[in-house]
Structure formats: C-alpha cells, structure tokens
Amino acid sequence: MIRNGHGAGGAAGLKGPGGQRTVRVWCDGCYDMVHYGHSNQLRQARAMGDYLIVGVHTDEEIAKHKGPPVFTQEERYKMVQAIKWVDEVVPAAPYVTTLETLDKHNCDFCVHGNDITLTVDGRDTYEEVKQAGRYRECKRTQGVSTTDLVGRMLLVTKAHHSSQEMSSEYREYADSFGKPPHPTPAGDTLSSEVSSQCPGGQSPWTGVSQFLQTSQKIIQFASGKEPQPGETVIYVAGAFDLFHIGHVDFLQEVHKLAKRPYVIAGLHFDQEVNRYKGKNYPIMNLHERTLSVLACRYVSEVVIGAPYSVTAELLNHFKVDLVCHGKTEIVPDRDGSDPYEEPKRRGIFCQIDSGSDLTTDLIVQRIIKNRLEYEARNQKKEAKELAFLEALRQQEAQPRGETD
C-alpha cells in the first residue's frame, strides 16, 4: 500500500468538509503504458469522491488474462503513484473486482470507464460490484489507447504530429491492429446495434479513434495555481514523450531541490523534437504530451511549445530561480549554440541524475522486440470482446419469459 498524502483524509468514515463522511473511491487496472486517457479516468473518479485508491494488477495476472505487459509491475506502481489525483496505490490488486476488495479498503464504490474488461474466460470483471450497485462509470477518453501508441511506434510515420494528417498507411495499420485473423464467434449474426458499435467486425473498445483537442481538457488537467511568495520556481524543458517513469524519477528529484518547489515544464513543438530526436519522434504530439505532464503531481505548470533555447525573456517572465536538465545529451540549437547558455551565465543551471536509465527509445525497443506478442494480445482481447457483445445480443433477442 502506497500513500501519497496529497488528498483528503483516508480513514473510513473520516469527516470531510462540512462534517460529511469521506467518500472513498476504488479504481483498478493494468495501467500499462500510462497515458493521459488513464489520467483522465482517474481524474473523473477522484471527482466522484474525496479519496481515491487505485489497485494495480501484477505482471502474472495481466499475462494470464490479457498477455504480456510492456512495463513491469514496479514500474506501473510508480507511474500510477505519480498521477496527482491518486491518494493511494494498492499493489497486486486482484484482476476481478469483488465486494471483498471494496470492503477491505473501505471503499464506497468503484469507478471504471465505459468500456468492457473481461477475464480470460470472457466474464465481466466488474459483474459482482455492478449487481451490488457499487459501480460507477466515467467517460472513456477518445483518441488515445495503448493500441494506438504501439502502432505509432511500429510505423515510421509522422502522421500523428500535430500539423499533419493521418497517412493511409497508418490508418490501415490502425484499422487492422489486433483484428482477429479468423471470423469472430459472432460471425455475421451481430445485430445492427452491435454492428454499429464495431464496424468491420472490430470491437468498439480495442482500436483507434480520433482525439479532438480542446481547451477545456487542458483546464481540467491544470492546477490553475500561480507561484506563491516563498516558492522556488524551477524550470525544466524537453519532449517528455511517452511520459514514463524515467521522466517521473527526474521530476521527483527536481521537486526535492526546494522546500516549496513550483516546477514549470517547457514542452517543445513536435517539429523541434523531431529535429533533435529524428525518426518519427515524438510518438505523442504536443497536445497529448501536455496533458500527460500536467497529470504529474510534481509539475505545477506547463509551457506549451516552449523555445528550444532557454531565453532571458522566458527566465524573466516566469521569475525562474533554477533551471534543471537530466543526464541525457544536450543537443545544440539550430545555430549550434548551447540551449542552456543563458541560465548557465546566470549561475542557475544544474544537471540532475535521477538514477533511472529508462528512456523513450528503450520503451520503443521493448515494443518492437515483442511486436508479435502485443499483436497477439490485442487479437485475443478483441475476440473476447466481440464474443461478449454477441452474448449480450442473444440475451436481448431472447423472448421475454423464456427460460433455459
């Protein structure tokens, strides 16, 4: 059990504002390749109560029901713990959510997105808590999924960058990734209602959809707090692509540099990241990276589209006290100059060694190495979802009053 200590009182029955009993909320999941969709689900869940507890499944449980995870359980525990709406993390949470689990952690109800999670034998993992009326649903974030991110890594295309349209090659891959190579158990008997949810025999929950950028989403993720007197303003800059525990470890170390830190993260434009990273980087576009970083508890503010070189204007505008960089190589600006020349001149620059060796490149290498396993995992997952939808259709089609 890992407590963050940033939320409301965690004890069962503890009185919250106005003398009301604290409402404790439970979420659980794999939280593999954590992205802003996961963060948004946890944000919505936290808004339904006062204290959010998140259970994270083990590698063994995930492999049994879905297939191999990209990240280890220890990495996944740390990532969830870093999300600012999470008050407590429960490692090794059971894959099937039961009333026993909710009662053990004194939770009033659990929250899950409006998609389906199935066991290895095709059963709804939330069936028991749904029947007991201790289940709440929140909206799934459209336009981001592990499937989509894996597809971007495997195809060397820049179609996902903010200024470009999706290529036909990427769309073809996105449409076929995880699609069963054989007819699904549903065959051609899917009802029109179900068929509308899964065109082309695809599950409505496993696949790729378009993410629509809105200012409201940024507002929901942002803290909205200005630096206060006595706080130390620390500036960091980079791509923060596929926001991962390497970034979290770095930001956590930066956060420790001051008694009252106010950390500002400057995110570079997609084209700038591609200049110094090459290939098809960044994997996530600027808007997606912004939401991912805003969800981190160690970050107070984000500069969207920050200049590559840290300028005097930027330092003066934000009244920056300290500028930090990790142990990754510092690539010169387009004109060959040092991007940290100004903070170095002022004597406010320092490099941080977080102790983590994980990089975005290493994550992509993991995916490419295990490509066939991940594709097989999605094929298996989608086949189960389609079978579940067909079972629902048959149940709805059964004449009322008919018994087995």
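Backbone N, Cα and C atoms are what each Cβ position is placed from, and that goes for glycine too.
Residues or ranges marked as region 'Disordered' in Swiss-Prot: 173-201.
According to Swiss-Prot, the compositional bias 'Polar residues' annotation covers 189-201.
The CTP binding site annotation in Swiss-Prot covers 239-240, 247-250, LYS277, 325-328, 354-358 and rests on similarity to another entry. All chains included, 13 other C-beta atoms sit within 10 angstroms of the C-beta of THR328 (CTP binding site). Secondary structure from DSSP puts THR328 (CTP binding site) in coil.
Taken from Swiss-Prot, the feature phosphoserine applies to SER356. A coil conformation is recorded for SER356 (phosphoserine) in the three-state DSSP classification, outside any helix or strand. Within the same chain, residues at least six positions away from SER356 (phosphoserine) with a Cβ under 8 Å of its Cβ are ILE245, GLY246, ASP249, PHE250.
Same-chain residues at least 6 positions away in sequence with a Cβ under 8 Å from that of THR359 (phosphothreonine) are, in sequence order, GLY246, THR328. The phosphothreonine annotation in Swiss-Prot covers THR359 (among others).
Long-range Cβ neighbours of THR360 (phosphothreonine) (same chain, at least 6 residues apart, Cβ-Cβ under 8 Å): ALA239, ASP241, LEU242, HIS244, GLY246, TYR281, ILE283. For THR360 (among others), the entry in Swiss-Prot reads phosphothreonine, with the evidence type a large-scale study or a structure entry.
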Applying a 10 Å Cβ distance cut-off over all chains shown, what neighbour count does ASP357 (CTP binding site) have? 9
Counting Cβ neighbours within 10 Å across all chains shown, tell me which of the binding-site residues GLY326, GLY355 comes out on top. GLY326
Restricting to the chain of LYS277 (CTP binding site) and a gap of 6 or more, list residues whose Cβ falls under 8 Å of its Cβ, or answer none. ALA239, ASP241
Across all protein chains shown, the binding-site residues ALA239, ASP249 give the max Cβ-within-10 Å count at ALA239
